[in-house]
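A.B. asks: From TrEMBL, here are the annotated features:
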type	residues	note
DOMAIN	30-448	domain 'Amine oxidase'
BINDING	50, 51	FAD binding site
């Protein structure tokens, strides 16, 4: 059953030339699949061109010892009123709560000591409430060129924290911010931090049953998707577009929608003729695109439960690195899997290294934190988004000197036939899967000339 969606706006975006007859969509992530699904529901021919042999982009679910694990996006954050929640419900995909805070443990690797539940609560207050409550005053005091790192240091000076507690406060804030915006705090603008729109409900929100692959498969069902078809060039002409692959194959259409990640746009891997205008390339250069990696490990038994451990935060020995969050799938009604989230400034511990080295780094800290030898995992998955040529990072953020208007500019069409979608093409929900989905709805609205579009399984 298909139901109507909009992109959060009732207006119909313009900028299209010629009749919309055959649309080529570059990229089979959630943004590209959303565009194609809506167009096919409206009876418009559409071909999706995906460089990888799989679909989903940065929503990538793998089977780890018989259990689904999301190596990219995992949550539907702020699920109440969220269009992703609405889509999941409409296609019969259930969700389960994904908030770890009630059973959170913490360990300081520098002191070798566990953190009391009382201090965990105080630390979360510093991170989740105190800094957010102070951010407007910090923006005014520090000015428009300040980085988030500047804001963190200015805020911590007001907290009365010192010694190890001050270090942990800094590491906790770095983890929260780098996890939210995939970049180093000194490469993020304080002015534009946390200026996106919000939905209702818990921030961590919900986990799709079976992983995000269930949403991807539902959106992709019935579409014409050409896998292992890496687009390398786009030629815009008066009557249409020509897209060429790395092997020299070409496809023609009336319009093309580019949904590749910002990292790929930055790399110049996709040649466009006529060339993108300077204001577009300058915006691409100004915006940031950082790292966020995961180390997921399946075990024969949830051995951490023996000592009452579940989800955890590990504060590292290096003061400038963010804390590492560890999520317990067993507590989320899953299998005995620990999923470690490695944020931008700590990602060098896992990227460019062997999987065994990355796992060894993580299990060493876990053994200290849990107080038990960490057994050999029965299966592991270590991401390398920053080295993936079809991603080159995690998601977008706004550095000092850039602004939200740069994100919005990347969503504007060019030459009447070249369109763009993806989490980086809008400022309302940058970095979120639902933001990428909304951008796909926006471009489908533009092509169809309608205020809403239909989404749902086509087959």
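Every residue, even glycine, has its Cβ placed from backbone N, Cα and C.
Could you give the neighbours, burial and distances for every feature on this list?
C.D. replies: Non-local neighbourhood of residue 51 (FAD binding site): 27, 228, 229, 230, 231, 390, each in the same chain, at least six residues away, with C-beta under 8 Å from its C-beta.
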A.B. asks: In sequence order, what residues of the same chain, 6+ apart, have a Cβ less than 8 Å from the Cβ of residue 50 (FAD binding site)?
C.D. replies: 27, 28, 32, 225, 226, 227, 228, 229
A.B. asks: Averaged over the domain 'Amine oxidase' (30-448), what pLDDT does the prediction give?
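C.D. replies: That region's mean pLDDT is 96.
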